[in-house]
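Novice: Submitted below is the structure of interest, expressed as structure tokens.
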Amino acid sequence: MTGHYLALSAILFTIGAVGVLIRRNAIVIFMCVELMLNATNLAFVAFSRMHGALDGQIIAFFVMVVAAAEVVVGLAIIMAIFRSRKSSSVDDANLLKY
Amino acid sequence: MNAIAAGAHQTGESGIFWVLAIVSVAAALGMIFMRKVVYSALLLAVVMLSLAVFYAVNEAPFLAFVQVIVYTGAVLMLFLFVIMVVGVSSTESMVETIRGQRVAAAIAGIGFGVLLILGIGDATLPTSAGLSKANSNGGNVMGLARLLFGNNANDGSDTANALRVSNNIQGYIFAFEVTSALLITAALGAMVLAHRERLKPKPTQRELSQARIKSDQVSPLPPPGTYARHNAVDMPALLPDGSVSELSVSPVIARRRGGSHDDLHGEGPESALRHGTATVKAVLEGQVEGQVEVERAESETSESKEEKK
């Protein structure tokens, strides 16, 4: 059953990666990154069960913490860019200043 | 409960897996193909909830709850807040900045996925050891806490623990402490980024009233619904002669009434007001003459507006 979970995790990760590549909206790109992080978490949890040790779950927990911090800062950046440019498209944010 | 704790292949598990795997993959695909951002966010919520069930099935109840509380509860709601601020109605343009990028990205993504799955399929995985032993001493949360905070010399039962004990590694306490620094930095960073410096001094009441006297409209704008049949915010006020006061409805609401959720994106308040009043008129006239007339009335009113200018 571990293989099944790993395959599902790989599929979800791939979907997230494709989403990051094809979407232009910064918020959707962010959500796709979250999907990729969640997919790796699933792999960690499946491996944790396979090995019979809880370390994989601890790593998944840390991934969640880092993802939460990343979301907070990233969304604040999106808001700041939206304020100055009135757009959340990544194509418009080609300059970091002005 | 014993069956879940057993860690072996459960009969119900493959059923849960196949149903939720299909649901989550479909929701993930929908997420990247939906034009509207809100739909994407809600589909991501579906993926995250099904992942929470996967965690629970994989004997990680703590992570399952954290997934629901932190991801679905906090992170996604934060996403929804930002979507509402940035504009629900903003749809992204389908124009490619780099030509052929979408096709190339899709091919690269499919290739990557095929490689990953082939690699996983080739690997010989040992039979699942199950977490019944690790979760036995006080449950999953206690086991995680022992790993995070304590020395775990007393439960060096499995190989990973034995390795850690032999190397004298004391759990993940240091990583956990570093996490607190990360969270504080993130909170500060978000505050700094969200902070907006006031460029002009805040207008005082005197300045506001002076500006009002100078403008054409000295009295306050008529509130929506005055003398009208309803007092909803999208119902314009009626003037004494029975005509519609276009100023009484917020242009943003008036535009929504017309079905084109454009908000104020890409246009100034002036043009938004002009569009808005045209839409209000069109809706009102359309109510009498039927829904088909609305479009025509809208185009007519906008044309007459153009002529007046």
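In case you wondered, yes, glycine gets a Cβ from its N, Cα and C as well.
What TrEMBL shows for this protein is this:
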| type | residues | note |
| --- | --- | --- |
| TRANSMEM | B:15-33 | transmembrane segment |
| TRANSMEM | B:38-57 | transmembrane segment |
| TRANSMEM | B:69-91 | transmembrane segment |
| TRANSMEM | B:103-121 | transmembrane segment |
| TRANSMEM | B:172-194 | transmembrane segment |
| REGION | B:201-222 | region 'Disordered' |
| REGION | B:256-309 | region 'Disordered' |
| COMPBIAS | B:259-268 | compositional bias 'Basic and acidic residues' |
| COMPBIAS | B:293-309 | compositional bias 'Basic and acidic residues' |
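Distances, neighbours, how buried they are, the whole picture for these features please.
Specialist: Tertiary proximity for the transmembrane segment (B:38-57) is limited to same-chain residues at least six positions away from its ends with a CB under 8 Å from its CB atoms, namely 13, 16-17, 20, 23-24, 27-28, 30-32, 63-65, 67-68, 71-72, 76, 79-80, 83, 88.
When Cβ-Cβ distances below 8 Å are used as the criterion, the transmembrane segment (B:172-194) is approached by residues 147-149 of the same chain, each at least six residues removed from its ends.
Among residues of the same chain six or more beyond the region 'Disordered' (B:201-222), those with a C-beta under 8 A of the stretch's C-beta atoms are 237, 245, 247-248.
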